[in-house]
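Since the structure comes first, as structure tokens, the remarks are kept for the end.
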Amino acid sequence: MALGFGNKSAEAPNDITPESTQEKGTNFTDDKAYGDFAGNVNSAENGGRGGKRSRRMNRIDRPNGQSIAGQGGLSNDSDTDASVSIGKQLELEAGNAIKYRTCSWQKTAALLFSEYICLAIMSFPYSYSVLGLVPGLILTVVVAGLVLYTSLIVWEFCLRHPEVKDVCDIGQMLFWNQKWAWYFTAIMFLLNNTFIQGFHCLVGAKYLNTMTNGGLCTIGFSAIMAIISFVCSLPRTFSALARIATFSAFFTFVSVLLATIFAGIEPHPKGYPAMGEVVVLIVPAAGTTFVAGMNAFMNISYTFIGQITIPSFIAEMKEPKDFPKALWAVTIAEVILFSLVGAIIYAYTGTNYNTAPAFGSLGNELYLKVSFSFMIPTLIFLGVLYASVSARFLFFRFFGGTKHMTSHTVAGWAGWAGILAVTWVCAFIIAEVIPFFADLLSLMSSLFDSFFGFIFWGVAYLRMRRADYGAGFVTSRGAKSITGAVFNVVLILIGLLFLTAGTYASVQSIIDGYNSASFGGPFSCASNGL
């Protein structure tokens, strides 16, 4: 696990701080060599000698495409081509009407907060009810640490390859610049984002049904959410979206705080005393099935895993070296908020009266509606964020190197709006056609998060260390190298666990749902309110 950045403005986690023995590479502390990625090295790591220690971060391969600002194209024959540096990209953007590298670390933090501080927090009480309170809290901290570590690996990879625009570029580079890897990653990337958009159409309909007591057909509410979300998706840069993200994260915090307080002050949870007294489990109940336990564990993991967006965010930062500040801020907030909200609400609603999301456990209807209402910004914005990430990916491929990308042209804005419209229509249709959409979303998460959460970044670590230290990188620095290599192989194995056991649990959940006739039909008008 990555521990302690302190005042190291651009230092990498654990042993993500190579001192290259190769002649070719990028000097991590040399402004001229790496544009705006230079960073100071803590002198304590030099045995107290003071000063800077030269660090070199080698590319794993040549640039495979243009950066956002690289209208002139990139050279393919140099590992340290200055045209891919952040300084060069900012220079190329200087005269553009639409500038992309404009995000400060504070704005990036707002985007991360809006992505992670979301409705999924209210499913933690359910996960704790299945896993038991103590194992649930331990897994919360462990998963947060793993995601923090892998996110820092993503960051280091982006520092080495500043032309990277999104995770699809990384997917291609990791697998030796093979085009099939780019297409494979792109398909997973677009499907993942579109399913999340569809999920927010349904959750938005759930909110509207709850507030109106089923006042309109659920299809209509889902369509309303899709239209509102489409409009909110129109800003073309993350810097512009960051303002909305700030409000989204703030109101989500208020929502879960109110729900936690209401759960504590009301005399009994919803449904009491039909199932007896509230039961709180410290460890899993006897007879808890593998499928139930795995689904609860995956639910915690899915909430933390969000590395799929990080390369896109870093690609629009003015100072990518500052990304860890945003990452540490959101990780600390996640662990505290998820653990406290999950544990406190579970303590008052127990295993027998718990619902997912936990708003449904509140017995007082006014409490339910007030706390749930503060969640509406994130119900809209999180879908908006993923729609924007997808549209950005497609827009840059369709309009890259043209004036439509960097100027306010009719064709540019029409293309951007058209791409967004297609993603929202697809998301709406998928969400309404598939009766077991929630379980299908879990299945997609098992398939995709295994790669985007763990496998990619274990491979990235190994390839970066090989680029720095050669074929003998596993033992080149003694125990440090061996520990790093083994740990990242374990990360890959964890990803394979998600891919296999997680997929099995999701498929079995779909089968169980059909056996119990708990799925509705496509394009259903039935209320899905709490």
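Positions of Cβ are set from backbone N, Cα and C atoms, glycine also.
Listed in TrEMBL for this protein:
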- 1-81: region 'Disordered' (REGION)
- 17-28: compositional bias 'Polar residues' (COMPBIAS)
- 64-81: compositional bias 'Polar residues' (COMPBIAS)
- 102-498: domain 'Amino acid transporter transmembrane' (DOMAIN)
- 109-128: transmembrane segment (TRANSMEM)
- 134-159: transmembrane segment (TRANSMEM)
- 180-199: transmembrane segment (TRANSMEM)
- 211-232: transmembrane segment (TRANSMEM)
- 244-265: transmembrane segment (TRANSMEM)
- 285-305: transmembrane segment (TRANSMEM)
- 326-348: transmembrane segment (TRANSMEM)
- 368-389: transmembrane segment (TRANSMEM)
- 410-434: transmembrane segment (TRANSMEM)
- 440-462: transmembrane segment (TRANSMEM)
- 482-505: transmembrane segment (TRANSMEM)
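The transmembrane segment (410-434) shares more Cβ pairs under 8 Å with 211-232 than with any other stretch in the list 109-128, 211-232, 482-505. A contact links the transmembrane segment (109-128) to the transmembrane segment (368-389), because at least 3 Cβ pairs that are 6 or more residues apart lie under 8 A. The transmembrane segment (440-462) is in contact with the transmembrane segment (482-505), judged by 3+ CB-CB distances under 8 Å for residue pairs 6 or more apart in sequence.
Nonlocal intrachain contacts for the transmembrane segment (368-389), taken as residues 6+ away from its ends with a CB within less than 8 angstroms of a stretch CB, comprise 111, 114-115, 117-119, 166, 193, 196-197, 199-201, 203-204, 207, 210-211, 225, 228-230, 232-233, 235, 238, 241, 244-245, 247-249, 251-252, 254-256, 258-259, 262, 308-309, 312, 359-360, 362, 420, 423-424, 427, 530. Residues 116, 118, 120-121, 123-124, 126-127, 130-132, 136, 139-140, 143-144, 147, 334, 338, 351, 356, 442, 445-446, 449, 452-453, 498, 501-502, 504-506, 508-509, 512 of the same chain sit 6 or more residues outside the transmembrane segment (285-305) yet have a Cβ under 8 Å from a Cβ within it. Against the transmembrane segment (326-348), stretch 244-265 has more CB pairs under 8 A than any other of 180-199, 244-265, 482-505. Taking Cβ pairs closer than 8 Å, the transmembrane segment (482-505) reaches residues 14-15, 146, 150, 290-291, 294-295, 298, 301, 442-443, 445-447, 449-451, 453-455, 457-459, 461-462, 465, 473-475 in its own chain, all 6 or more past its ends.
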